[in-house]
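As recorded in Swiss-Prot, the features of this protein are as follows:
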BINDING   Arg38, 59-62, 83-85, Arg91, 125-130  substrate binding site
ACT_SITE  His126  active site, proton acceptor
ACT_SITE  Asp156  active site, proton donor
Amino acid sequence: MAGPLSGLRVVELAGIGPGPHAAMILGDLGADVVRIDRPSSVDGISRDAMLRNRRIVTADLKSDQGLELALKLIAKADVLIEGYRPGVTERLGLGPEECAKVNDRLIYARMTGWGQTGPRSQQAGHDINYISLNGILHAIGRGDERPVPPLNLVGDFGGGSMFLLVGILAALWERQSSGKGQVVDAAMVDGSSVLIQMMWAMRATGMWTDTRGANMLDGGAPYYDTYECADGRYVAVGAIEPQFYAAMLAGLGLDAAELPPQNDRARWPELRALLTEAFASHDRDHWGAVFANSDACVTPVLAFGEVHNEPHIIERNTFYEANGGWQPMPAPRFSRTASSQPRPPAATIDIEAVLTDWDG
């Protein structure tokens, strides 16, 4: 694969969620990713688009032969990604110490929800659980309603795979000077906590409260929210700065002199009611056209099925069509070492073929 990580060798122990997502991004950026799957888990691989840009092999890691083959592969790798509960790879004979014996330059990347240590480290959980303990889930939703799960973007991917990737790349950079590998302990509860650092800082200065839906960036401010249009669809409004707010009012045909002051919190309900009435007067596409070339920070809220028709998305080739559906292209983009369009998930190959290739 073309890309800035061309030549990097990655072994991925089969898992779900953020580990495979991190491996996918490494593959998108040119790394040679080999996924070791269980022999009984290969059904449905062609339907999992997250397994793009991989070579897939199978091995029974509980057998002596499977363990031996896996260690041979790891001995030639730069990075190992695993997402099991703490202690599982050690019991398999593939823990950090065992792998370091065959490859002391290996970056051993561990992805868990709770981390390798702590009282919850052996406890099951999902994205919603990890972000429930660090304040994030409590902060998302309307003030008069229960907290709303933000899909599984914040814990699994924002706080999980993204920070796993940061750890891998940082450890690879450090290896250039030390010549040694190390363990990367990436926990979703830790990474997602860093994502919300801005809110902690605002809270420390009195600019954020624990009351959900009452703050500037959580839908509390009427100029940072979504509004329903005449056709039942929605627009997103992010008109925070005065000049953007003024542009929004101009597009709506409203006079600031006749409205409550933008940042008078006591009159936010009144301002919200006026904006709600204005946006409800026309359909979403009308407002999309009105604000298409303005700095009002007003955009249509598109469903998945509409995204690939958005002119900006089309112009940037943000998505490509594959197997009857749409998939995102690799990101970010590089001026000299551009990534190519991803390969679809491949059929399994013999692990010996990869070993021979990596011997070259």
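Placement of Cβ uses the backbone N, Cα and C atoms for every residue, glycine included.
Distribution of Swiss-Prot features across the structure.
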residue	record	contacts (Cβ under 8 Å, 6+ apart)
Arg38	substrate binding site	Ala14, Thr58, Ala59, Asp60, Leu61
Lys62	substrate binding site	Leu92
Tyr84	substrate binding site	Leu13, Gly15, Thr112
Arg91	substrate binding site	none
His126	substrate binding site	Gly113, Asn152, Gly155, Asp156
Ile128	substrate binding site	Leu137, Pro149, Asn152, Gly155
Tyr130	substrate binding site	Gly113, Trp114, Gly155, Gly159, Ala187, Met188, Val189, Ser192
Fewest Cβ neighbours within 10 Å, where candidates are the recorded positions Asp60, Asp156: Asp60
What three-state class does DSSP give Tyr130 (substrate binding site)? helix
